[in-house]
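For GLY184, MET185, GLY186, GLY187, LEU188, GLY189, LYS190, THR191, the entry in Swiss-Prot reads ATP binding site, with the evidence type sequence analysis. Look at Swiss-Prot and you will find 137-439 tagged as domain 'NB-ARC'. Per Swiss-Prot, the feature repeat 'LRR 1' maps to 526-548. Annotated repeat 'LRR 2' per Swiss-Prot: 549-572, in sequence order. What Swiss-Prot records for 574-595 is repeat 'LRR 3'. According to Swiss-Prot, the feature repeat 'LRR 4' maps to 596-620. Taken from Swiss-Prot, the feature repeat 'LRR 5' applies to 638-662. Among the features that Swiss-Prot reports, repeat 'LRR 6' is placed at 674-696. Positions annotated as repeat 'LRR 7' by Swiss-Prot: 751-776. The repeat 'LRR 9' annotation in Swiss-Prot covers 829-851. Swiss-Prot lists 852-876 with the feature repeat 'LRR 10'. Residues or ranges marked as repeat 'LRR 11' in Swiss-Prot: 878-900. Per Swiss-Prot, repeat 'LRR 12' is recorded for 901-925. Annotated repeat 'LRR 13' per Swiss-Prot: 927-950, in sequence order.
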Amino acid sequence: MAEAFLQVLLENLTSFIGDKLVLIFGFEKECEKLSSVFSTIQAVLQDAQEKQLKDKAIENWLQKLNSAAYEVDDILGECKNEAIRFEQSRLGFYHPGIINFRHKIGRRMKEIMEKLDAISEERRKFHFLEKITERQAAAATRETGFVLTEPKVYGRDKEEDEIVKILINNVNVAEELPVFPIIGMGGLGKTTLAQMIFNDERVTKHFNPKIWVCVSDDFDEKRLIKTIIGNIERSSPHVEDLASFQKKLQELLNGKRYLLVLDDVWNDDLEKWAKLRAVLTVGARGASILATTRLEKVGSIMGTLQPYHLSNLSPHDSLLLFMQRAFGQQKEANPNLVAIGKEIVKKCGGVPLAAKTLGGLLRFKREESEWEHVRDNEIWSLPQDESSILPALRLSYHHLPLDLRQCFAYCAVFPKDTKMIKENLITLWMAHGFLLSKGNLELEDVGNEVWNELYLRSFFQEIEAKSGNTYFKIHDLIHDLATSLFSASASCGNIREINVKDYKHTVSIGFAAVVSSYSPSLLKKFVSLRVLNLSYSKLEQLPSSIGDLLHLRYLDLSCNNFRSLPERLCKLQNLQTLDVHNCYSLNCLPKQTSKLSSLRHLVVDGCPLTSTPPRIGLLTCLKTLGFFIVGSKKGYQLGELKNLNLCGSISITHLERVKNDTDAEANLSAKANLQSLSMSWDNDGPNRYESKEVKVLEALKPHPNLKYLEIIAFGGFRFPSWINHSVLEKVISVRIKSCKNCLCLPPFGELPCLENLELQNGSAEVEYVEEDDVHSRFSTRRSFPSLKKLRIWFFRSLKGLMKEEGEEKFPMLEEMAILYCPLFVFPTLSSVKKLEVHGNTNTRGLSSISNLSTLTSLRIGANYRATSLPEEMFTSLTNLEFLSFFDFKNLKDLPTSLTSLNALKRLQIESCDSLESFPEQGLEGLTSLTQLFVKYCKMLKCLPEGLQHLTALTNLGVSGCPEVEKRCDKEIGEDWHKIAHIPNLDIH
């Protein structure tokens, strides 16, 4: 860690010495001496870092060095702040304030020089070797791009097949809930194997639902049950007490052949496990639990089946994995390197994580000497813990370039199993000054490069892109490595980061302290803070003393109860990130927010702000501004955005306040890093003029890099001309809502990358999503070439997608939702698999559903007019597997063509108040049906004939159907003979 921080500090010193403002303070000679001393020490740091693992005295020496380096960094920061104040106030060199500051800093400079002289002298007794750690350039053959998927899994197909067969076949005869533990040391790939099993097609067909829970250290019954419920329902449960959670989970699992994966279990308390297991025993026969753990004791406590001990990879598979990471897609590898690689792989001991890590670090090295150094390095011989491969991983760390080392080690600040957000981590790296400047690159771009390098070297895993962010995790062993790297700075007195958390298993790491609760004295005690995280602290007020934390660069106040923030917060000249998202009572930011001259990220999502702070355009470093509320007064107008180089997403609201197109000059077309843009008008705003709004929206033309576009309540009579293939060439999602005056829709069909289109509450004049190409400047046979999801709401005159059908139109469309469009008629489409239809669709529209012959899922309902459904509706739906009718208030019977759906697996009928009967011939044709659910059909008289012949039917649910429920009484009911063979009955 130390040499990486010194590299940053030396750059800061060099920059400070070269700045003319150093003359104000007269510290040029002192800074040059500091730089010289640090440079001398830096030359031996690599050797010191390696030797500290065996020598406590060296570890203590590094602690002293870290402490001194932090102190120098503080002094430089204070000088920078004073220089800014000097420039702004235009004080003279001999102003008492300047003289006093020079005297105070001069005294501290003298003290730190004495400390460093002692540290430099002490280093001589250790006889360190000078080693220059060079930054390695990537080889020319390095693969470009970065794929968000786990690389190929080697050597686990046999294990996957064996366990899948055990889960599916052996447990069918089990009387008690089967629990199958996978046991193995850390890094063997237990989680990866469990993921393979979880996603195996045989498992998916056999179990429903499938639930995955990462248990980790915290085996809390309430937390686990809540997580399981959330995974099943895809939302957080609205109950709080344990008993309600238990009842809810049992309702969800009752009679279900579910699979529950409990990953990374550490709990060896039999009583805790018994309590959770008791709640889970309500499933159908065949329901199973798969658990992964490092500990034999956990397996013996939990398991009802013989544990599966995961073995090491074979030498062959280990070599394949190592070579894949080391050489990528390179077809021909240097045979000498391959020979050395085979020797390195032997050291990995068949542990996949070690092979991946070492292969990753050699990916960018092609000299034999570099590979031999890895093979022969003495760190291999260090003793290991019970389940640790830290020597191998520590070697990987020491081969990282300097600018990656402390960035990686910093990840130890997060608890194990934390799902981290890449973009947030980069801002924290920036706050601590870990990122070295590179030419004209923004610091965020440098951080992105660092993150990608660490990912390619296998330090990060489980990558997932969602909602504009990249989520990832760190393997437990990698986390152990990062934690071990803080041993040399654990006693450092200069705390740089405070996290207020009440997590039981969160601990202080090095310069990052964790406290259980906030108190005002906290701010007075730690004056050198770079990062302060007060999120979820239930705070209603922030003390004005926050303005005294002059070094603060990252302030997280999210999810608190603030109504306002103190104006003194605006004294934080170094603040880069201010996060107040989801402060639901915060209706204003400080008026002097524009004085936060270093601010780069202002995160305000979920705050009911009534206005944007005035003169926001003065924040020329600003990259993130979640939204902008247009005002009519100077300092609040749209022009404030003109000179901001914004990234990510922005929502611009109250555009009705823009007076004319000149005032609409926000220079959006130059904002190449803006990914998502939302623009909205207030429907109730006064003095709205259609022609003015057309000009305003024309002036808000975005950059061609835009990917997400939303337009809400636009009052113009036509959409802007920039909605075309040349400007929106990269857009993948468009949402248009409540633009009721627009007589036709833009030519969305020509957008080459458009995957998701949502149209809501449009003009009564619109009859087709896309008119003839005669209105378009761009003609193509492949209209909507990439569209996958289409959702249309409340277009009462909409007749269809296009006037003219064609095979080359909508070739990729998979999901459709047509909601409350009564005249809509479906064209012939060959790729649609999922359809949802709501509202009083007319008979022609219902019949046209048969044009979608590839449908596998259909939900249709909220129709209060139809008394019957057309026979031809189902005639060609031979692939349909899921069918749901709901809220048909006047539907009396179902079409006989329903019985032709021989691929149907699940049929749901709900809230059809007038439904009296099933088709006369029953449901005998539904030979694949496994699940039938009928709810709240109060007029239904009986279950269909032939139900007893449906041998695949395993689940029947009936509720809110009084006549049917009587006829299903066990043994005595008139319909009992129809359902007696069904294993899972839920009739109440």
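Glycine residues also receive a Cβ, built from the backbone N, Cα and C atoms like all the rest.
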Those binding-site residues listed as GLY184, GLY186, LEU188, THR191, and which of them has the most Cβ atoms within 10 Å of its own Cβ: LEU188
Proximity of the repeat 'LRR 5' (638-662) to the repeat 'LRR 3' (574-595), 3+ C-beta pairs under 8 angstroms: no
Contact set, same chain, for the repeat 'LRR 12' (901-925): CB under 8 Å, 6 or more residues outside the stretch: 861, 867, 874, 877-895, 931-947, 949-950
For the ATP site built from GLY184, MET185, GLY186, GLY187, LEU188, GLY189, LYS190, THR191, further residues of that chain with CB within 8 A of the site's CB center: THR292, ARG294, LEU310, VAL351, PRO352, LEU353
Distant-in-sequence neighbours of the repeat 'LRR 3' (574-595), which means Cβ under 8 A and at least six residues beyond its ends: 77, 80-81, 427, 430-431, 535, 550-567, 601-619, 621, 626
Cβ atoms near GLY187 (ATP binding site) (within 10 Å, other residues, all chains): 27
